[in-house]
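*Asks:* Pasting in a structure now, in structure tokens, and then I'll have a few things to ask.
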Amino acid sequence: MGIKKYKPTSAARRLMTVSDFADITKDSPEKSLTEPLKRSGGRNVHGHITRRHQGGGHKRRYRVIDFKRRDKDGVPAKVVAVEYDPNRTANIALLHYADGEKRYILAPVGLSVGDTVFAGEGADIRPGNSLPLQNIPVGTVIHNVELKPGRGAQVIRSAGTSGQLMAKEDRYAQVRMPSGTVRKVLIECRATVGQVGNIEHEIIRIGKAGKSRWLGIRPTVRGLAMNPVDHPHGGGEGKSGQGNPHPVSPWGKKTKGLTTRTNKRTDKFIVSGRRQGARSQ
């Protein structure tokens, strides 16, 4: 899939880029695999904002993705379409199974219409096939990885991301995450071979504020530009500094430069931390 640029007919158009959607083969989703998507605008049941910068955007229907594929072991599935999914950065592939059922999966790099994919221990090491980690050779590029057997894939699902199977020791496999972290995962957990498709997503430039609003992203206002009643950094005459020894959140918690990982319970599964300067996944 390539990147489309526009003639500079306006300041926004000058730098705006979009995907050319060359890999997309079907315009409308499979209706039986969609559900209504009720959105909250970042509010909880009391109407209070619990997630900032969220709301508005184009109306969407949720595409039901099969992140498990365990009940289709050994059943061949033919790829009949590659579709755009507004709810995620990756594209999705529509599968027609030999038993007549239809399902969506994430579309990896190299998967095209007409290909056949399998799931199960005996599946080949080919993009789109889903296998337990114990049946995948060390060094294989993978995505869509489970963290608990049977729960379904939870990590390495964004466009262009991939992990790598680094080693197998006893009950655990070591998987290198996109962040550089090497993590232990039970060898019974499943993963899909290959890299998640739509790899050009990270170089797309939104170009204008209005396009962010189409995507359901509301503006992010600096605390320094607020009043003291709204943010600890607010107030002052002119362009004064934020005035705190360390930058803080709107609720007074220290922010910026601090580790965001607080799940000590799973620290024992981290073999090595993320590389310096890497973006969190």
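Every residue gets a Cβ built from N, Cα and C, even glycine.
These figures come from a predicted structure and were not determined experimentally.
From Swiss-Prot, for reference:
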type     : residues : note
REGION   : 27-59    : region 'Disordered'
COMPBIAS : 27-38    : compositional bias 'Basic and acidic residues'
COMPBIAS : 45-59    : compositional bias 'Basic residues'
REGION   : 225-281  : region 'Disordered'
*Asks:* Is it possible to list how many residues within the region 'Disordered' (27-59) are helical, extended or coil according to DSSP?
*Replies:* 3 helix, 6 strand, 24 coil
*Asks:* Within the region 'Disordered' (225-281), how many residues are helix, strand or coil going by DSSP?
*Replies:* 7 helix, 5 strand, 45 coil
